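The following features are taken from TrEMBL:
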- Gly30, Gly32, Lys33, Ser34, Thr35, Arg126: ATP binding site (BINDING)
- 50-73: region 'NMPbind' (REGION)
- 125-135: region 'LID' (REGION)
Amino acid sequence: MSCISEYSDSEQDASFERINPNILITGTPGTGKSTLSELVLESTGLCYINVNELVKEKGLHEGFDQEFQSYILDDDKVVDELEDAVSNGGNIVDYHSCDLFPERWFDLVLVLRTDITILYDRLEKRGYPQKKITENIDCEIFQVILEEARESYSSEIVIELQNNTIQDMESNASRIEQWVYNFKAQKNQH
Ligand SMILES: Nc1ncnc2c1ncn2[C@@H]1O[C@H](COP(=O)(O)OP(=O)(O)O)[C@@H](O)[C@H]1O
Ligand SMILES: [Mg+2]
């Protein structure tokens, strides 16, 4: 594995002792979480955890919701499955919700936002059923994920990022790379 995951020598369980950060990239489906995550993986050296894929692969769900065409997550199973990897640090976690994860896991929580018309096109291109498109569009209009992130994590670590265009994506990627660089530089001074 090319990504790094290690503790500093001192306290093994304290989040402030992580020498590599954990970043949560969240936002309504279609806002570009997976594309942005993959774009920064190599440059940051972080490991990628796509929660949707993991849920499918390991069966961490309570069945499939036909109406919304999505898995019904078993939150406890997901958290248990991720605990070891995440507490080691050095991960990007990609998921369209955020209140199921323990607060101590993350050093940075990015909430991607996309204009409604752009998001609508992206979801339509995915071939989502109308019901699922409407549900996700409403989620974005009412900034459900942003509110959830603000309720679940400390306000200093929650950042809203517009992600409408390729230029936005590139600037978001640079911002993440710079943030990771600064985080590591700061940890290495101690
Ligand atoms: N910043 C962006 N500008 C233009 N298109 C984008 C941008 N981010 C993602 N996309 C496109 O939008 C679609 C959804 O992106 P994806 O990363 O799969 O979203 P998510 O993982 O949040 O559901 C993909 O087709 C992707 O290529
Ligand atoms: Mg995705």
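Glycine too: its Cβ is placed from the backbone N, Cα and C atoms.
Automatic prediction, not curation, is the source of TrEMBL annotations.
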Notebook entry, point to check: From Gly32, Ser34, Arg126, which binding-site residues have a C-beta atom under 6 Å away from some atom of ligand 1?
Noted result: Gly32, Ser34
Note to self: Counting only residues 6+ away in sequence within the same chain, which have a CB under 8 Å from the CB of Arg126 (ATP binding site)?
What the structure shows: Gly30
Item checked: Cβ-centroid neighbourhood (8 Å) of the ATP site, Gly30, Gly32, Lys33, Ser34, Thr35, Arg126 excluded -> Pro29, Thr31, Leu36, Arg122
Notebook entry, point to check: According to DSSP, which kind of secondary structure is Lys33 (ATP binding site) found in, if we only use helix, strand and coil?
Noted result: helix
Check: Of Gly30, Lys33, Ser34, listed as binding-site residues, which ones have a Cβ less than 6 Å away from ligand 2?
Finding: Lys33, Ser34
Note to self: Applying a 10 Å Cβ distance cut-off over all chains shown, what neighbour count does Ser34 (ATP binding site) have?
What the structure shows: 15
Next item on the list: Between any two of Gly30, Gly32, Lys33, Ser34, Thr35, Arg126, the residues recorded as binding ATP, what is the biggest Cα to Cα distance in Å?
Entry: 15
Margin query: As a test of reading the model: what is the averaged pLDDT for the region 'LID' (125-135)?
Written below: 94
